[in-house]
């Protein structure tokens, strides 16, 4: 799928939110953390990722276009919080107590680990599997691991191995 072009107004809104959150964090933490690089190359069902060593935030342009206001209000500070935790505390659990504190106490945003965006436009083909209690849909990657004998996936409810079909 081709990456969509983001209107400049949306890119500016994202950058404005990033800068506001960063200024707020620098003020509350009495630091001068630099502005991270912002790119729109995230693919798949992830809304964004924070790359620590390159100090970069990658955002999903498809999900951004489909959920502009919520995306900017939630995903941008979420990913920035990962970078700020890394700068402030060192390497910590991705959604641990330091990240939660950074989100809620420093940035003033509810600490949610996952987004609730509709994924139809970014979801790839899935394969039907089942266990004793329900149907499951495995991604292409997981399905291929099962086919190659590299993985066995189990139902989180009944614990039974998932079977194709």
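Every residue gets a Cβ built from N, Cα and C, even glycine.
Pulled from Swiss-Prot:
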ACT_SITE  79  active site
BINDING   78, 82  Zn(2+) binding site
DOMAIN    22-163  domain 'SprT-like'
Provide the number of Cβ atoms within 10 Å of the Cβ of residue 82 (Zn(2+) binding site), excluding the reference atom itself.
22
How many of the residues that make up the domain 'SprT-like' (22-163) does DSSP mark as helix, as strand and as coil?
54 helix, 24 strand, 64 coil
When you measure from the Cβ of residue 78 (Zn(2+) binding site), how many other Cβ atoms are you left with inside 10 Å?
27
What number of additional C-beta atoms lies within 10 angstroms of the C-beta atom of residue 79 (active site)?
24
Give, as a single whole number between 0 and 100, the mean pLDDT over the domain 'SprT-like' (22-163).
93
